[in-house]
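Visitor: The (2R)-3-phosphoglycerate binding site annotation in Swiss-Prot covers 23, 24, 25, 26, 38, 39, 62, 63, 65, 66, 121, 122, 169, 170, and the record cites similarity to another entry as its basis. Taken from Swiss-Prot, the feature CDP binding site applies to 213, 218, 237, 337, 342. Under the heading ADP binding site, Swiss-Prot lists 213, 237, 342. Taken from Swiss-Prot, the feature AMP binding site covers 214, 215, 219, 238, 312, 343, and the record attributes it to similarity to another entry. The annotation Mg(2+) binding site is assigned in Swiss-Prot to 214, 218, 374. Summarising the annotation, Swiss-Prot assigns ATP binding site to 214, 219, 238, 312, 343, 374, 375 and lists similarity to another entry as the type of evidence.
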């Protein structure tokens, strides 16, 4: 599946059309107060574009939280209405359901670019295709009802736009079940696809991936897929210790060791050799006597190893130097996972140094892509989001793309003619 050949909102004629936009308004709430409106702000370009192009109505659908297929008041999208209205500078109509005759009737009356926000899609088990019973067991939704749910959503509009990249790895009804002739990517999704295509389909070389995170076994598919694509791979974070101990018998003290992951280390290194991929590991460490922000801080190198009772929580100055050098030599950089426990100030130096090197690389003409999740949090924490080429909004979705999987929400989009 090519990521670059999908229909985009700009390819559509929206005049006098009812435009259904699947957005991601899964915002953090404190009661009914939105504590971070970033996801709403991110959806504005597609919404405004549809209005400016003369759409008859813009119908917005999203999920919020995990209500498990039932109506749960604290997961209502109602609080988004006022915030969205304020940001758009125009009224927004809120409907207290997302399907059914009442909703269909309200939407059919809309005109003059009216913006309609539907209630949480996940109040219906038919959105996710299942719900959990009291014992946490998965109960599949009735296929006939799923079909009916999808038909009702489809009947609301003339064209479909998907702008919820964070949910693109889920084959949910609002992602794959709206059978309109034209299904296009919104601006957000189009940008995600453009940058991931840049890295995965036609990278400017040298191409470097920086991986962090705790367990090797969680990242097997990711490492395996990237070894077919990159020229160099930095392996940092907790999972570096599994490689170091297995390959070089470095003493790692109480640092993370992934028993299952250790069994596949040799195979991954073999593949890297075969594909001529340079593997870069840390060679020194900032250590702690416990996993805590106020732990005692120590230092260790490969030669002496980490003493028992201590654990490595960040990479040391020599490693930082080596990482910066490799980053500086690269033209395309994909970063997924921090090299240290950046949440604790004493162990954030390595992560900050890698970020600074990435920002510098962008200044020197490289493309740097941050793959969502914790690494996106790093960029936000240090105010670097607009200094990088692209910070992905989808943790799970970007990870699955990088693992070489097809995303259902992307596969469901129409191809450009």
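Cβ atoms are placed via backbone N, Cα and C, with glycine included.
What you are looking at is a predicted structure, and each value in this text was computed from that prediction instead of being measured.
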Visitor: When you put residue 214 (AMP binding site) at the centre and draw a 10 Å sphere around its Cα, which of the binding-site residues 23, 25, 65 have their Cα inside it?
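Guide: So the list reads none.
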Visitor: Run through the Cβ atoms and count how many others sit within 10 Å of the one on residue 215 (AMP binding site).
Guide: 16
Visitor: Under a three-state reading of DSSP, tell me whether residue 312 (AMP binding site) is helix, strand or coil.
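Guide: In the DSSP reduction, residue 312 (AMP binding site) maps to strand.
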Visitor: Validating a neighbour-count step here. Other CB atoms within 10 A of the CB of residue 375 (ATP binding site): how many?
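Guide: Around residue 375 (ATP binding site), other Cβ atoms within 10 Å: 29.
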Visitor: Sequence gap of 6 or more, Cβ distance under 8 Å: name the residues on the same chain that satisfy this around residue 219 (AMP binding site), in order along the sequence.
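Guide: Those within reach of residue 219 (AMP binding site), by Cβ under 8 Å and sequence separation of 6 or more, are 211, 213, 239, 337.
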Visitor: Please report the three-state DSSP label of residue 374 (Mg(2+) binding site).
Guide: helix
Visitor: Could you work out which of the binding-site residues (38, 62) has its C-beta surrounded by the smallest number of other C-beta atoms within 10 A?
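Guide: Per-residue Cβ counts within 10 Å for the binding-site residues 38, 62 bottom out at 38.
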Visitor: Taking the Cβ of residue 312 (AMP binding site) as the reference point, list residues of the same chain whose Cβ is under 8 angstroms away and which are at least six residues distant in sequence.
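Guide: For residue 312 (AMP binding site), the qualifying residues are 241, 252, 253, 255, 282, 285, 286, 287, 288, 300, 306.
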Visitor: Highest CB neighbour count within 10 A among the binding-site residues 65, 337?
Guide: 337
Visitor: Residue 237 (CDP binding site) has how many other Cβ neighbours within 10 Å of its own Cβ?
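Guide: So the Cβ neighbour count for residue 237 (CDP binding site) comes to 28.
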Visitor: Looking at the binding-site residues listed here (38, 62, 237), whose Cα lies nearest to that of residue 343 (AMP binding site)?
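Guide: Nearest by Cα distance to residue 343 (AMP binding site): 237.
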Visitor: Among 25, 62, 65, 121, 374, these being the binding-site residues, pick the one whose CA is nearest to that of residue 238 (AMP binding site).
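Guide: Closest candidate to residue 238 (AMP binding site), judged by Cα separation, is 374.
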